[in-house]
Amino acid sequence: MAAAAVSESWPELELAERERRRELLLTGPGLEERVRAAGGQLPPRLFTLPLLHYLEVSGCGSLRAPGPGLAQGLPQLHSLVLRRNALGPGLSPELGPLPALRVLDLSGNALEALPPGQGLGPAEPPGLPQLQSLNLSGNRLRELPADLARCAPRLQSLNLTGNCLDSFPAELFRPGALPLLSELAAADNCLRELSPDIAHLASLKTLDLSNNQLSEIPAELADCPKLKEINFRGNKLRDKRLEKMVSGCQTRSILEYLRVGGRGGGKGKGRAEGSEKEESRRKRRERKQRREGGDGEEQDVGDAGRLLLRVLHVSENPVPLTVRVSPEVRDVRPYIVGAVVRGMDLQPGNALKRFLTSQTKLHEDLCEKRTAATLATHELRAVKGPLLYCARPPQDLKIVPLGRKEAKAKELVRQLQLEAEEQRKQKKRQSVSGLHRYLHLLDGNENYPCLVDADGDVISFPPITNSEKTKVKKTTSDLFLEVTSATSLQICKDVMDALILKMAEMKKYTLENKEEGSLSDTEADAVSGQLPDPTTNPSAGKDGPSLLVVEQVRVVDLEGSLKVVYPSKADLATAPPHVTVVR
């Protein structure tokens, strides 16, 4: 009787166990009552699914603790998302150790303190050795564990926005403590001081400390070698000129001001040291320019094997593409970034096939089988902006899926479920292929996310499919790219970086191998039987560098307030040697 009751109360667990699923999403109506009946914790049976890689429990006001057994029962967990619940005021140590965990999202809870992690002593292994993204935003944290850096030494993104922190632990900025940390967000806290040791964060690209209680910004911040974006708005700084600069100037200007010692360049020894540092940087820049901008035959040889990524700023673009985000998508799949890429050549040989294969590989690896993020590519000529990213009930969402007829999302999902069952019967195994593998990511959602163009047509239904309307073909040279995620904005940017750099590699490969172009009849009709004029193609020259143009796309709310722009100065920062990013 007891087992029957559990199966009836938690059918998702029975299904996940039967189908040997790697991902599980618990949300939607009825979840709160079941968790309350389980004592405010997750059911113990959940921790008997050792194959789980992704677990999300969100929007449950009765969930106060994960429950004992999580670490022991889910050793292969890669992503743990427990956002918008009622976790707190403390968090029991049973959350770790989790040796494979890469993403931990505890945002929107009621946490006031975190348990100390493992790794205090040199002989103790870190509790979260593979963790890359930690989201603690929207809690009530007053302090961070002193050993956070030792617990998660591979951390790349740390979001502490909207807490009650008045300081960072000194260990966080210890030399070599977090060598990979590229994003630190701690806006809307009570921070009073920023340690000069922040300069030890060698990989830091973006820093958001807006709306705190800082009175000074350490000059050492300018020594962060990769820092591209900073936000100190809403702090009452003693240096009023600097306070005015952080409200309106670009990051480069602010760092330059800090680098020379503030107003007047400082005095005495400080000024001399600042001048020496600046002179050293100037010489390095000149050496780099000489290497990159040589003349004569040496430059010609270098150009032939180089590919330029030209970033077109929104202000330079007469018709920039914009994505508006409606509020209801926040509870479904809140994060999206977009970009426009011009200058691809998919006509030669297997170029299109390689392009589509690269997307599949990204979905499998970096996107963690679409659980962390989902990317979509569109024929730009068929995209009519501005675009709207929203969420709709399944019965109201209509799309023409790739290779299928128009259908409502509810009907499409049902059809895919039937096809999945048929696959299992034919192959006599539980695993399925294609789009059928991602259906469980919609479990429990009352609304489905979608991207809608200016004509009102749905061109994307993440994480399931794109629309036939914007299908990429061999004739496609200009593309609109989108990446969405239910996990974090940073993973969207990471996937977009990887996709664009992969496109650059493919462009270089196509040019070097000089494959012959080919068009199918259908594709030839699409361009009226005419191939593009090589003289108008910026990459057609044999002697100069090939060019891809990446246009910035702004994501705004319905009032027009900016949410994110891609690519920003901090994006595309890890380009390979043969790719030069021109901003």
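Any Cβ shown, glycine's included, is placed from N, Cα and C.
Of the candidates Ser275, Ser280, Ser518, Ser539, Swiss-Prot records phosphoserine for Ser518; the remaining residues carry no such annotation there, which does not rule it out for them. When Ser133, Ser315, Ser546 are compared in Swiss-Prot, the phosphoserine annotation sits on Ser315.
For the repeat 'LRR 3' (130-152), the list of distant contacts is 83, 88-89, 96, 99-120, 158-172, 174, 177-178, 180, 185, 487-488, 490-491: same-chain residues at least six beyond its ends, Cβ to Cβ under 8 Å. With helix defined as DSSP H, G or I and strand as E or B, the repeat 'LRR 6' (203-225) counts 5 helix, 3 strand, 15 coil.
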